[in-house]
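Visitor: I'd like to ask some things about the structure below.
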Amino acid sequence: MEELVKRIQQDGDVLGDGVLKVDSLINHQVDPELMEKMGHLFAEVFANRKITKVVTIESSGIAPAIFCARQLGVPMIFARKSKSLTMNEELLTASVYSFTKQVTSTISISRKFLNESDRVLIIDDFLANGQAAKGLIELCQQAGASVEGIGILIEKSFQDGRQLLEEMGLEVVSLARIASLKEGEVTFLEADA
Ligand code: G4P
């Protein structure tokens, strides 16, 4: 997506350790117009997949996921990273290891929100090693739901998340694909949409 690539070039900061800081548009301050366009683009790309639920993980996946779900006319569910007091029903849970933070966390979704008739579109802000997406896929599998596709805002193509997901037979659509973050420069591959 040309607009996202331009915004990354304009507003993104490369941190020394291969991390892209985009907290003025995605991860802290959020640009609602850009989010709406990105959410709608995912809805368009996956329009023929008969999606019944959009699933993401808190917190930064929520904004694009909600716009996508609204456009598709389906609910959006975000997996929780910590158990809420109100989550007193049966839970679907998965362990997610973060290479960035070197910690394992448990993510969960209430069992009642996903079932075997659901056709899920997974949305997230970043795809790095793919562990968050893998955890979300596991939650869908536990519910018997099918994963119909994965929509990512920014893919770090020099890490192996995309390969992991494609090896699972899943279609990954990334709106910006980053080839490298070396010497303060962002270089891009051609995006999927
Ligand atoms: P993975 O899920 O693809 O394996 O990613 P990893 O463990 O490496 O990353 C964990 C967290 O760091 C995720 O967000 C992920 O989106 C984010 N992340 C990974 N690479 C970058 C990067 O280059 N820039 C930024 N800004 N974030 C990155 P999180 O901790 O769950 O955060 P949030 O969703 O609550 O904002």
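Count begins at 1; order follows the chain as displayed.
Placed from the backbone N, Cα and C atoms, the Cβ positions cover glycine too.
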Visitor: Can you match one of Leu20, Leu34 to the xanthine site that TrEMBL gives for Asn27, Lys156?
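Guide: Answer per TrEMBL: Leu20.
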Visitor: Translate the DSSP assignment of Gln131 (5-phospho-alpha-D-ribose 1-diphosphate binding site) into the three-state scheme.
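Guide: Looking at the DSSP assignment, Gln131 (5-phospho-alpha-D-ribose 1-diphosphate binding site) belongs to a helix.
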Visitor: Near the xanthine site, what residues other than Leu20, Asn27, Lys156 in the same chain have a C-beta no further than 8 Å from the centroid of the listed C-beta atoms?
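Guide: Residues close to the xanthine site, other than Leu20, Asn27, Lys156: Gly12, Val19, Lys21, Val22, Ile26, Asp125, Phe126, Ala128, Ile154, Ile178.
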Visitor: Based on the record's binding annotation for xanthine (Leu20, Asn27, Lys156), what whole-number value in Å is the widest Cα to Cα distance?
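Guide: Among the residues the record ties to xanthine, max Cα distance equals 16 Å.
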